[in-house]
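Per TrEMBL, the features are:
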{"type": "DOMAIN", "residues": "B:18-54", "note": "domain 'Exosome complex exonuclease Rrp40 N-terminal'"}
{"type": "DOMAIN", "residues": "B:142-189", "note": "domain 'K Homology'"}
């Protein structure tokens, strides 16, 4: 149950006492007092029934929705750009259901592709450039890329195009070569019936 | 030529397995050539062989590479191909963690392509499939020159290339041929090395008889 108060707060503004309130998102506690750390609307959230702490929580929420940014633990949709011996690079396209406005790069390391037999993973048999994958952000990684993981059943390649469907300049292929998942290890091309290895995601419909 | 339809799968009543080698691609129900060259047919395998200057890595090829650099776990090797090859530092005969081959830049190695695909850097090895050296490894001293991929394959093919046969009768030399268009020759006398190299380079378009004559002339001139 959230009570909405229509007053705009600015960073550094005193919101209340720590003895009366809990500091939620967008606020912090200092010297027994709660101050705002964002520009936004103050929200008051009642304490949960049955919890020890009866203090309501103060939250500051921005007015405008910020652009989607990957965070640790979020599920992202990415497109593989490069496959190397021990890792694969991908461009993060969506965070959850929202498309990103600027490009983020992610890396799937060999040990994060799947849960079992992680030292025998062959990157080239798990992903190919151009594949669309669903992955989870493990950490913010280094300055160049987020660290992604596909080590769950529902993570992995969601959509891929087969070798036969790759555009060739002198062949006119009008049929789509988007592959169909056969197992968690293989996908099959509808044009040539050839199977290609991938780490396939188990998409629950 | 690229684009030529080689085989119409729909037209043939097939229960046979047809394997496609390099230079061919399957376009729905047709097999189309994607390289220029001669179509070869052996048992149930079809492939196109052409001669180029540039090498496109393919699995199970024996190649001569030049070491460019060393990374943590592998050597970067130039194969006269669009991408550098990766040669793991332990993929040598007798190599252990404590005994890593000390290959510097510009060292020449004879190796085997383990895995090659258009999306990845080719993986190399200086061991054969059973883990033994069998001729692979660093090539010390000697002389390295480049030729076309077609000539390299002829040098390695059966029956023995006429020039090699003729030279082998009169001269003593060591030779290694990489299908990536590189040949390495080593012998005691520089004159012999030069003679062998010249003979090979000039023999590309000659018939067997012409090649024998070429070798005779070179040997005569050397005396």
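Each Cβ is built from the backbone N, Cα and C atoms, and glycine gets one as well.
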Remote residues contacting the domain 'Exosome complex exonuclease Rrp40 N-terminal' (B:18-54) - C-beta distance under 8 A, at least 6 residues beyond either end:
1-10, 80-82, 146, 148-151, 153, 181
If I take every residue in the domain 'K Homology' (B:142-189) and average their pLDDT values, what number comes out?
88
What are the helix, strand and coil residue counts for the domain 'Exosome complex exonuclease Rrp40 N-terminal' (B:18-54) according to DSSP?
0 helix, 20 strand, 17 coil
Can you break down the domain 'K Homology' (B:142-189) into helix, strand and coil residue counts using DSSP?
17 helix, 14 strand, 17 coil
